[in-house]
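See structure below.
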Amino acid sequence: MMQEQIQTKLRCALQGANLPFTEQEPLAAHTTFKIGGPAAFWCAPQDEEQLQHTLALCRSTGVRVYLLGNGSNTLFSDEGFDGAVVDLRGLTPAVTENPKKETVLLTAGAGMTLGRLCAEAQQRGLSGLEFACGIPGTVGGAVYMNAGAYGGELKDVIEQVTFLDDNLIQRTLPASELQMGYRTSVFEKNPSWCILSAAVRLQKGNAAEILARMQEYLERRKAKQPLEWPSAGSTFKRPQGAFAGRLIEDCGLRGFTVGGAQISEKHGGFVINKGGATCADVVALTDEVKRIVQEKTGFVLEREIRVVK
């Protein structure tokens, strides 16, 4: 439990700087899983200056910080987060375009949704991001975990990323230094670094053809994934040589339920919130699934979703 003296100090500092925040904010309202207790502080900076000031005040008062995008890959504890959750969705400056012969560099703020960036690219007749059009996260979150789908990954198109380092100094790293691999990047290894924006290099193409590919991917998602239920997307990382969803289904675990959490009957790779699910339900369910899959197949599953306590 955060000491009252520290809580008062941060409250007064944020109020004095006229920075947007609330207290005891229910985190279930800010994640796609619809699970999670309250955050001691919920900070919602609307630009990079407010963000830098907010992070500086949190650090000076000794309050721990969790950086959140669209909340599409995060499972918060039922007890909530005893610190400051910083909402990065306010970082959505206009997309900038920098043409380079046959390619174009698009730069977007970390808080912009991938869906919006994909739409911006399509409207400009730029190809390369179609695979990402149905991924529910933000640009920052997608870079953080090297999000991917349908054979594409962010690392295929990323050019550079601008961020605040541990000392809140703005830096830019080229793609070659981002250490992007399967669902990982240099930012996952340095979670205190705060992504501000990312630039992607896209190919000039035909807007109608790009839209058709995007619509095809969206239809495939709708047909195969339980989009009608709260979830955090793919629950487990893909083990080498297999698919997590297929392994789970082969073990007869479709529909397996703990409390309000259930393995989707539509797709074994998804845990869904059937109503009233808790973080404890999801953790217990995924732990049991991991145990059964390893026992029956020998494959060791690893959670892709981030459990935050």
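Glycine too: its Cβ is placed from the backbone N, Cα and C atoms.
ARG183 (active site) has a Cβ environment of 18 other Cβ atoms inside 10 Å. Residues annotated as active site in TrEMBL: ARG183 (among others).
Here TrEMBL flags SER234 as active site, proton donor. The Cβ of SER234 (active site, proton donor) has 20 neighbouring Cβ atoms from other residues within 10 Å, across all protein chains displayed.
According to TrEMBL, the active site annotation covers GLU304 (among others). The Cβ of GLU304 (active site) lies under 8 Å from the Cβ of ASN73, MET145, ARG183, GLY233, SER234, THR235, PHE236, LYS237, each of these being in the same chain and 6 or more residues away along the sequence. Following the DSSP three-state reduction, the secondary structure of GLU304 (active site) is coil.
Per TrEMBL, the feature domain 'FAD-binding PCMH-type' maps to 35-205.
Restricting the average to the domain 'FAD-binding PCMH-type' (35-205) gives a pLDDT of 97.
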